[in-house]
Ligand SMILES: CC(=O)N[C@H]1[C@@H](OP(=O)(O)OP(=O)(O)OC[C@H]2O[C@@H](n3ccc(=O)[nH]c3=O)[C@H](O)[C@@H]2O)O[C@H](CO)[C@@H](O)[C@@H]1O
Ligand SMILES: C=C(OP(=O)(O)O)C(=O)O
């Protein structure tokens with residue numbers, strides 16, 4: 001993991017002002033995978049979030065032989081993938097983020113194989129990859145697994161010539177859809193992907209692939225058709241804003257009773273989360289590309305069921321759990337996407353919250369005054385939820401294991417401080 005990262009938050013300050021929503025983590029990662037499919041030229045990605053997952057993706061791109069330069073001040077990533085040299089996704093990098101698996105289609109097309117020494121991402125219970133493997137197999141790949149000397153499982157996918165076919169996701173997997181689209185983009189013939197994911201990041205990835213020369217139709221319908229082409233070319237693309245980052249700042253305004261202008265946030269991208277937050281007492285006003293948000297009334301309790309887009313995003317489930325601790329009555333949360341995403345409840349309990357967990361359902365008994373404590377970020381969104389709780393708590397909250405937070409949110413302490421929060425990041 002490298003160094004220990006902590007955030008210290010002293011609560012009780014209302015947030016006011018203007019904040020810039022970062023580029024989307026879940027859009028830029030598949031785009032880095034897509035850029036490795038261009039055998040000539042240099043891809044330029046703009047509005048890249050400066051987060052740990054992007055730093056890991058840059059390391060991984062270099063490990064397979066690409067030249068990758070991350071210009072942090074300019075939030076721009078330049079990738080030259082003209083000479084990929086290794087099909088191995090080394091465990092020490094790949095097992096630190098989920099997006100590493102999005103490199104597989106490029107390796108299959110460019111090098112004929114991919115060797116996966118590990119896939120990371122937040123530990124949220126079972127996170128299977130069978131839709132990906134089954135899709136690759138239907139296109140003609142072979143997938144084998146063996147155990148390395150150190151006991152780790154290694155997956156070896158051999159492509160041969162990938163050919164189009166009829167593929168499906170049992171449920172609309174986000175990265176599953178992206179991987180099958182990328183595998184189909186350079187395959188021979190036509191591919192139909194049924195039950196495809198509808199997330200805005202999937203559509204942004206389709207947009208860059210189309211600009212690169214891919215023939216993709218049906219994005220956003222659940223049925224995606226891809227006609228394979230011989231080559232993809234490097235392009236320049238601006239990454240869409242991160243709707244989860246936007247949602248967290250909406251809740252930062254809500255939990256402190258403040259008002260914020262979110263530059264780059266789109267209400268529509270929040271899906272059902274926007275309606276739930278409105279029901280809790282948050283007021284929205286979309287002014288072009290700026291979303292104004294404020295909360296003046298007391299918070300009302302809420303009933304949340306996570307679902308694929310445009311349903312309530314599972315990545316906003318932890319933040320709304322923190323927010324609902326302050327609501328005037330019991331809130332009910334049903335986590336449908338992941339079977340292990342409630343570790344936050346115990347951490348909030350250390351801060352005075354009263355949350356009953358039963359399997360994938362939680363009841364948050366509000367209102368409870370939160371007090372500062374030492375708490376642990378068990379995963380990325382657990383981390384952002386604990387920052388929110390810290391903003392509302394009396395006294396100081398210390399959030400440990402905060403590398404997870406840095407995986408997905410850029411410049412958290414700086415951006416919140418500019419809005420009036422008392423928060424510092426420490427690393428040793
Ligand atoms: C890098 C990235 O984009 N990460 C996002 C992506 O993760 P990710 O793409 O991993 O999430 P999926 O949509 O694939 O997973 C959703 C559910 O489907 C199951 N499943 C998925 C694939 C598969 O082959 N078999 C299977 O059973 C998973 O176990 C999980 O229960 O979507 C999640 C759900 O919106 C988000 O929380 C993550 O932030
Ligand atoms: C679960 C998440 O990410 P990943 O899929 O990258 O682990 C997340 O962003 O909350």
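For all residues, glycine too, the Cβ spot is worked out from N, Cα and C.
For the UDP-N-acetyl-alpha-D-glucosamine site, TrEMBL gives 98, 315; the one candidate out of 50, 51, 337, 355 that the record lists there too is 337. Pairwise Cα distances among 98, 315, 337, which the record gives as the binders of UDP-N-acetyl-alpha-D-glucosamine, peak at 16 Å.
Residues near residue 26 (phosphoenolpyruvate binding site) in space but far in sequence (CB under 8 A, at least 6 apart, same chain), listed by position: 99, 174, 199, 201, 242, 244. Taking the binding-site residues 25, 98 in turn and counting surrounding C-beta atoms within 10 angstroms, the largest count is reached at 25. Cα-Cα distance from residue 98 (UDP-N-acetyl-alpha-D-glucosamine binding site) to residue 122 (active site, proton donor): 7 Å (rounded to the nearest whole number). A mean pLDDT of 96 is what the model gives for the domain 'Enolpyruvate transferase' (9-414).
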